[in-house]
Amino acid sequence: MSISDNSREELGELPAGRPLQSEFNDDLDYPRLGSVTFRRGTLTENQQTMWNEKWPELGRVLEDELIDIDAWFGRTGAKTIVEIGSGTGTSTAAMAPLEADTNIIAVELYKPGLAKLMGAVVRGGIDNIRMVRGDGIEVLNRMFADGSLDGVRIFFPDPWPKARHNKRRIIQSGPLNLIAKKLKPGGVLHVATDHADYAEWINELVEVEPLLEYKGWPWPECPQLTDRQVITKFEGKGLDKDHTINEYLWQKKQ
């Protein structure tokens, strides 16, 4: 049964209240959102007009149905990369024109962030970006078949800095295993953070998933674009505080 219905009166809206969460029974650690609900926000009048016109073509919301990637993008055989937590889409929109042969699917909870990305897509005539509104773990688990993705990107995820909230971090054993299952052999996971404690956390996990081979950073032979092209809003804030950007690359074993 579908969690969402894109035909609802307000396009791209998610159910109110606490989001549904999958039950994982593999003894791995998965983030739990706890009291966090789907982030809501107000669009400008122009953004709302654009959203109403373009969302049926460019967007979907979290649902229990696998995405037919070829049908959605109107082409077959193209590589597909999912970006989890795309924010306002600064990197997404900057990278996509340089990888026109690749389908880019941006996953984000925050509606104004997706609207901003949609504006960049429309203004720039970018035709290889689509959007899914929902929690990244649930979207991966419910909407993509195993072995269907060429890449997953997670740029500057929420660090959940308080120790009692560390279990909500997306980079941990469970998500790494889930991502590995969704990647094709040879597929790439690219993570970036400017949070020192989160970087230490990730450093302890780089070898935890047996399906992934850690390649470090940089990895000149990486088969995908790794230059994020621009400094994102959150990256800029970190650099202003003299934070170090740490990046990580893994490849699914053949």
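Each Cβ is built from the backbone N, Cα and C atoms, and glycine gets one as well.
Per Swiss-Prot, the feature region 'Disordered' maps to 1-25.
The compositional bias 'Basic and acidic residues' annotation in Swiss-Prot covers 1-11.
The secondary structure of Asp158 (S-adenosyl-L-methionine binding site), as reduced to three states from DSSP, is coil rather than helix or strand. Around the Cβ of Asp158 (S-adenosyl-L-methionine binding site), a 10 Å sphere holds 16 further Cβ atoms from the protein chains shown. As annotated by Swiss-Prot, S-adenosyl-L-methionine binding site applies to Glu83, Glu108, Asp135, Asp158.
If you look up Swiss-Prot, you'll see Asp158 marked as active site, on the strength of similarity to another entry.
Taken from Swiss-Prot, the feature substrate binding site applies to Lys162, Asp194, Thr232, Lys233, Phe234, Glu235. Counting every protein chain shown, 20 other Cβ atoms lie within 10 Å of the Cβ of Glu235 (substrate binding site). Under the DSSP three-state reduction, Glu235 (substrate binding site) is assigned to helix.
Per DSSP, the secondary structure of the region 'Interaction with RNA' (164-169) breaks down as 5 helix, 0 strand, 1 coil. The feature region 'Interaction with RNA' is assigned by Swiss-Prot to 164-169, with sequence analysis given as support.
Per-residue pLDDT, averaged across the region 'Interaction with RNA' (164-169), gives 92. A 10 Å cutoff on Cβ-Cβ distances gives Asp194 (substrate binding site) a total of 21 other Cβ atoms nearby, all chains included.
Among the residues Glu83, Glu108, Asp135, Asp158 said to bind S-adenosyl-L-methionine, no two Cα atoms are farther apart than 14 Å.
Neighbour counts of Cβ atoms within 10 Å were compared across the binding-site residues Lys162, Lys233; the minimum falls on Lys162. Among the binding-site residues Glu83, Glu108, Asp135, no residue is found with its Cα located within 10 Å of the Cα of Lys162 (substrate binding site).
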